[in-house]
């Protein structure tokens, strides 16, 4: 709510003052607002039940929203950069130092309040969930426990980001102070736009990379497929791993499908092996959902030989 109320004030204040630095600062605030909205969207979608058509649920809507919001930010940033280049070349512009100074001060105050709120939220969240979670085999329980850690990390990440925004807002305030009392140094305004545009790109580039990996159904950056295979092979009575697929439904919700072959003569232990494999994937590697398929080694060999003989005949 604070960002929703402040963004139009900053942007319109920058427009009235004819300050690109203020508008770029507001644009950076828009990226923060998008991140918060996406986090809330993810929490809301995680509570919705899958349908007959969307059997995995609606988690990918978060990814779609992230791409749209980043593209919107890039379009606005491209316009501001174009204006900054024109100002640098021609220097035919005037800035209202008083309005710029007041608007910049509002930006600093908002980021101070936001940092304080996020810091308090992070402490309250960590205290309220400080108890240890007992490992569960049920995927919904595992997902529930991991969601607490995920949202706690999200709050802490937002707090760190708010500190970066505070530094940026202070930079705008310094530029506004210089322009207010030394109008001949108005070049500070487009220079701030260049610097803050780089910060916006650095903030959003990882979002684009992560959403690209999710859309292409790649393995999340924090997981190593070889490590997962090694740990699965350590389970007693597992002969081989025929297939392993790992991908993300959305950020923080990883899914895995694994096809295991049992050693000869151990088909009666399939339930124990499946339980251990599920426990490994859900608790050790933090999967949101996992599907473990088991197959007897002897049955697979005889089935393959029979199909080969029938095809050769």
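From the backbone N, Cα and C atoms, a Cβ is placed for every residue, glycine too.
Residues 191-208 are the range that TrEMBL records as transmembrane segment, among 191-208, 209-226, 227-244. Outside the transmembrane segment (191-208) by six or more residues, the chain places 20-21, 24-25, 27-28, 31, 35, 66-67, 70, 73-74, 77, 80-81, 83-84, 161, 164, 168, 171-172, 175 with a CB less than 8 A from a CB of the stretch.
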